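Have a look at the structure below before the remarks.
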Amino acid sequence: MAASSRFPLAARCSLLLTAALVLALSLGAHGHAGADAGARLSSSFYDDSCPGAGDIVRRVIQKARVADARIPASLIRLHFHDCFVQGCDGSLLLDNDLPAIMTEKEVPANDRSARGFKVVDDIKRALENACPGIVSCADILALASEISVELAGGPRWSVPLGRRDGTTTNIESANNLPSPFDSLETLQEKFKNLGLDDTDLVAFQGAHTFGRAQCQFTQRNCSAGQDDETLVNLDTVTPDVFDNKYYGNLLRGRAPLPSDQVMLSDPVAAATTARIVRRFSGSEKDFFKNFAASMVKMGNISPLTGRAGEIRNNCRRVNRKPY
């Protein structure tokens, strides 16, 4: 006799509901999880506990970008560099507190280039005034990234929330962040290790459509007499606008960073990334759609949820010590 005829419909529904509840409780009991843990995050996470969180983040960023047009690009880079190191847990924001905490801010990929930390402090302060102890620093980075892209003319997306903050850093992993001088195969391997594919890689490189870079990291390096930290526009056409013109620059050989141009010039590019570059160059809508999807995917890398981690009072310090 088939199982469906042995059990009445109500009984089968009850069994399924019980199984689902057990699975949910099991998942919630774990701390660091893989990318599939994003299912436990929710865009409505703060609807009751801090309903104005998004508006608060937006106001602080709008004020900051008036004084510094680079801030939106800087904030999204913080989110990238946070998630690529032991997941999206706000570890990048921690200052040195030796011997317990060695900051990720001083590794080569971040030293004197990662910026926007004061704006994150301002956002946290404003959120603590409105909703003390509620919004994590990891979620601040996720929200700030979406709002920064939107304010610069880019896509909007629903940000899954509910991350908690880590209490450790990972210098070994931070030293392996993607580099402007990585080959395409090296970049692909670093992305693959985090569950990200070639479409994610090409989409994320598209964030170089706005912001600046130090000339020492560019293909042409610095001109005679320029300091290594002299800034150059990543997109010479619309340097402060989030659009798809970056890919047109790339097709014309005008991408400043070596790690951008390899998506066309590397021997493996023709069979992997080059077609995606051309696709995004031809359709801003396609780029926006994939960029938003990739941001959600990256934001789901190993979030701390439930009782794991903490909600930091100060994004630069863990809570276990008075400061």
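Backbone N, Cα and C atoms are what each Cβ position is placed from, and that goes for glycine too.
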Legend entry - Candidate cysteine (Cys13, Cys88, Cys131) that TrEMBL pairs with Cys50 in a disulfide: Cys131
Inset, instruction - Output, ordered by sequence, the same-chain residues six or more apart from Pro178 (substrate binding site) with a CB under 8 Å from its CB, or 'none'. - result: Phe84, Ala109, Leu187, Lys190, Phe191, Ser259
Legend entry - Rounded Cα separation (Å) that holds between His208 (heme b binding site) and His81 (active site, proton acceptor): 14
